[in-house]
C-alpha cells in the first residue's frame, strides 16, 4: 500500500505526515511531496520513528516521482484560511494549484484513489473530477472530498453537550464542507434526544467551528491539527478498505445526483473505492428544512468548480 501526500510541508501537511507514519497499516509506503525544499528533511525526520511505514520525501516543482505507484493520493496543498476569509475566498488561489496536481495524478497514477482536503472542498472536488474526466481517467468511485473534520467536531460537541459516549459511525454529516452546507444528522444518533433549540445551536456550532478556530488563532492560522487528525482517520479507513475491510465513512463524492451532483453522505468503502452509497434515513423537520435551504449554495459552489475547468 502506497500513500502519497501532496502538500506535506505545510501547517496541515507536517502533522498529517507524522500521523500517517504512526497509523497507516503496517508495511505501507508513505511518499511526501511539497514545493518547499524542506520536504526531504520532513521525511527524514519522521523516518526515525520506529514504525514499519517507510517514508521518502520529494521537493521541487514536479510531484511525478512521489506519485509513482500510489494507491492513495492525499492532497492538502494550497493556502490556508485567514481571518475574514470564507472558504470561497480561497478559491482563486487553490483552484489552480489543485488543477495542476490532479493533472499530474492523471498522468502518473490514474488508478489511485484521490482524497482532497484543500478548501473550498465544495468547488475543488468538481475541479478534480473535470480534470480527470478531461484526461479520460475519471472513476467517480475513487474521488473523495474529506469532510471528516465535520464528523469529528460533531462527535466532540455532542459528547460535550450531552455527556454521553457515541460511536464514530453514529453520526452522519451530509451536504458539503462549508457553512450552511454542513448538516449533521443529530436526530439519528441513538439513545439521545435533542430539543429543537439544542439541534439548532449544535448544528450552528458545527457549521461555524472552523471560524471558531481561525478567530482563536488571532490571524496565525486555521484548523490544522484537528484537520490533520481528521484526514489521517479517513485515509487509514481508505487504506483498510483497499485491503479488503468493509468500512463506512462520510465523504463528499459524486453520487446518484439526488440532491446535487456532488454531495457529502455516508458510503461503504471497499477495494474499488465507493462500493455503496448508504441511505440517509429519516430526517427531522429541522434537518429536512436545512437540507433544502443549503442546496442552492452547494449548487453554486459546484458550478464554480466545473466552470473553472470547462469554461462553461
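Note that Cβ sites are derived from N, Cα and C of the backbone, with glycine treated the same way.
The NAD(+) site in Swiss-Prot is built from 7, 8, 9, 10, 11, 12, 13, 34, 94, 117, 118, 119 plus one of 85, 227, 232, namely 227. In this view, the densest Cβ surroundings among the recorded positions 153, 177 belong to 177, judged by other Cβ atoms lying within 10 Å. Scoring each of the binding-site residues (7, 11) by how many neighbouring Cβ atoms lie within 10 Å, the top position goes to 7. Residues 7, 8, 9, 10, 11, 12, 13, 34, 94, 117, 118, 119, 227, recorded as binding NAD(+), reach a greatest CA to CA spacing of 18 Å. Comparing the binding-site residues 94, 119 by how many other C-beta atoms lie within 10 angstroms of each C-beta, the top residue is 119. Residue 9 (NAD(+) binding site) falls outside any helix or strand according to DSSP and counts as coil. Taking 13, 94, 227 as the binding-site residues under consideration, the smallest Cα distance to residue 153 (substrate binding site) is found for 227. The local packing around residue 13 (NAD(+) binding site), expressed as other Cβ atoms within 10 Å of its Cβ over all shown chains, amounts to 27.
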